[in-house]
């Protein structure tokens with residue numbers, strides 16, 4: 001298929017006439033010949049990764065969507081006739097399939113699924129969609145693997161149509177007929193709709209709005225393809241695990257296009273890393289000024305919603321109702337992504353100076369050589385069908401474990417690898433399906449202390465409790481569904497992972513990327529003495545943006561000012577070496593650029609977390625004590641770089657365990673001694689106590705008592721575990737690092 005490359009002449013003769021974004025562009029410079037050559041090289045580099053679909057396959061998708069669209073129209077006519085609508089209405093009743101996501105954006109890859117939306121008039125009910133339309137799909141020869149998920153947060157029908165996976169949502173509009181030229185961006189369409197229809201419409205509305213807010217769609221698409229591939233190769237593409245999903249990456253690329261409206265893909269990729277390695281999080285990324293439609297729908301607004309002030313990396317969807325697409329981002333995942341942005345900037349600097357090729361940007365660093373300590377999570381189920389359900393649930397809650405680990409006073413970073421792996425069987429004679437995730441840990445370096453005792457038992461058990469509670473209440477729990485956790489050192493990973501996964505990668509050049517300190521301690525990510533490669537690892541590169549002058553008088557515990565204010569400041573980016581060659585952005589100019597950001601969203605520095613004692617019981621899961629209510633205003637100290645994050649005001653705080661109680665309870669666990677690591681490999685002595693993971697049946701009398709039970713941070717509306725016996729995995733992970 002053709003790959004459009006905007007030429008120098010066309011950009012100069014047809015500059016964008018519109019003003020895009022909430023600020024003025026940083027540069028209007030037109031591309032040079034070297035930029036066009038670099039863009040062509042970028043395309044050639046991307047091709048082997050399968051990011052471009054062949055024209056034949058694209059036409060096949062169009063044909064399938066056409067058949068699906070005809071089925072929808074036919075079905076709606078049948079429904080209309082069954083409900084005795086006038087013939088004049090039936091003839092023009094319409095109905096339509098819309099697409100959204102990567103396919104609608106034009107950046108889908110080979111074999112990717114299609115996200116679709118079925119839009120119907122007001123006399124067609126959601127129940128019709130999940131009954132008569134489902135039955136109609138079942139009769140189609142091309143349709144395989146048909147299944148309905150009616151109880152999902154966004155109800156969906158999933159199917160495989162002639163080999164293409166399709167997810168179909170449903171929305172009923174308050175219209176008598178559905179015209180062919182219907183524009184879903186019209187906010188008036190949301191009137192009198194139920195919340196499920198609004199959620200279903202949101203994907204299409206956001207996708208269409210993004211495409212209308214970029215200066216050049218072809219340049220946007222090619223840049224987004226490159227950034228998505230880079231994010232996937234660097235294991236930071238996963239909304240569910242606290243990184244960014246497809247729509248978030250699309251909005252970041254769209255904002256870059258707005259700031260450099262005449263630039264082409266090679267320049268835009270470089271500017272993407274420049275802008276977001278300098279971004280003053282948690283200032284929000286906005287593609288347009290939020291608009292109020294007076295429909296009383298909840299929108300992202302830190303002035304109104306206290307929890308919105310605690311979002312760490314807000315990227316706001318442009319369509320009403322505006323939402324933060326990155327609410328899952330944690331301290332650790334933001335640190336990882338910011339460090340990757342910095343490394344991306346260093347590499348693209350080299351590329352623009354002809355010191356490196358594009359392939360270097362897409363080299364995948366080896367996650368399993370980054371850290372000395374890892375937590376391995378194992379999820380197992382007796383059948384493949386149960387494994388799929390169980391793995392989906394466990395994966396959706398891993399971010400809760402990461403959040404709990406990073407609040408531990410001894411942990412600097414908890415980095416989960418978005419990839420899951422098949423786990424070795426526990427017994428070759430037993431049929432069992434197991435999936436494994438790996439979390440890299442960096443422990444805080446302590447000064448004036450010889451010993452560092454770390455007890456992760458509570459963090460693991462709290463996570464396990466949350467997953468089991470969700471499984472039981474969703475009626476998917478089976479007795480043989482298990483979760484296990486273990487601590488392993490880097491050199492022990494070969495016992496769990498295949499050799500090709502652990503293969504060492506070529507060392508990246510990261511000249512100009514400096515690792516910063518967190519909590520006045522450097523990150524201990526050095527390699528074992530026998531390891532020859534070194535991959536720069538995430539650090540606390542994040543910087544807390546100061547309060548602006550207008551907000552300083554309000555006090556830190558007052559609501560955050562409006563992000564919709566028209567005033568925007570230009571925050572001067574720190575100095576960066578901009579390549580002198582092959583750059584269309586004034587190579588002879590200053591070495592720093594002004595990155596426009598919304599200065600009306602100040603950084604909210606949360607209060608330091610308290611240390612609360614906790615006791616590990618040998619007969620039941622440990623549950624946190626109720627956290628103090630966050631409704632009362634709390635005076636927050638001045639911003640501190642790297643301060644430990646607390647939960648949102650309306651959430652509970654995880655208690656900490658004192659050293660005394662840790663020593664007392666260590667006698668209750670059956671521990672397995674393993675060796676560990678310290679910074680100095682030749683002098684380290686690490687006593688690791690890891691209790692064997694046991695499956696216990698907790699009797700009703702010893703089960704979680706309601707009076708002791710508090711809700712999870714993610715499941716505040718879920719009741720306590722039932723009194724009947726259930727298997728509970730005991731996970732005791734205790735480490736004593738002797739320095």
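Yeah, the Cβs are placed from backbone N, Cα and C, and that goes for glycine too.
Features reported for this protein in Swiss-Prot:
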type     : residues      : note
COMPBIAS : 1-17          : compositional bias 'Low complexity'
BINDING  : 113, 115      : Mg(2+) 1 binding site
BINDING  : 113, 115, 167 : Mg(2+) 2 binding site
SITE     : 153           : site 'Interaction with RNA'
SITE     : 158           : site 'Interaction with RNA'
SITE     : 328           : site 'Interaction with RNA'
SITE     : 399           : site 'Interaction with RNA'
CROSSLNK : 444           : SUMO cross-link
CROSSLNK : 445           : SUMO cross-link
MOTIF    : 490-507       : motif 'Nuclear localization signal 1'
CROSSLNK : 506           : SUMO cross-link
CROSSLNK : 507           : SUMO cross-link
REGION   : 508-643       : region 'Ser/Thr-rich'
COMPBIAS : 523-534       : compositional bias 'Low complexity'
SITE     : 524           : site 'Interaction with RNA'
COMPBIAS : 535-557       : compositional bias 'Polar residues'
COMPBIAS : 566-582       : compositional bias 'Polar residues'
COMPBIAS : 583-594       : compositional bias 'Low complexity'
COMPBIAS : 611-622       : compositional bias 'Low complexity'
COMPBIAS : 650-660       : compositional bias 'Basic and acidic residues'
COMPBIAS : 676-686       : compositional bias 'Basic and acidic residues'
COMPBIAS : 691-715       : compositional bias 'Polar residues'
CROSSLNK : 730           : SUMO cross-link
CROSSLNK : 734           : SUMO cross-link
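Projection of Swiss-Prot feature records onto the structure.
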residue: 113; record: Mg(2+) 1 binding site; contacts (Cβ under 8 Å, 6+ apart): 164, 165, 166, 167
residue: 115; record: Mg(2+) 1 binding site; contacts (Cβ under 8 Å, 6+ apart): 99, 100, 101, 102, 103, 104, 167, 169, 203
residue: 153; record: site 'Interaction with RNA'; contacts (Cβ under 8 Å, 6+ apart): 199
residue: 158; record: site 'Interaction with RNA'; contacts (Cβ under 8 Å, 6+ apart): 145, 146, 147, 148, 149, 165, 166, 167, 168
residue: 328; record: site 'Interaction with RNA'; contacts (Cβ under 8 Å, 6+ apart): 239, 240, 241, 242, 399
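Taking the recorded positions 399, 444, 445 in turn, the residue surrounded by the fewest other Cβ atoms inside 10 Å of its Cβ turns out to be 444. Note: the Mg(2+) 2 site is recorded as 113, 115, 167; in the same chain, 101, 103, 114, 116, 158, 165, 166, 168 also have Cβ atoms within 8 Å of that site's Cβ centroid.
Secondary structure from DSSP puts residue 167 (Mg(2+) 2 binding site) in a beta strand. Note on residue 167 (Mg(2+) 2 binding site): other Cβ atoms within 10 Å of its Cβ, all shown chains, come to 17. Residue 158 (site 'Interaction with RNA') carries a strand DSSP state (E or B).
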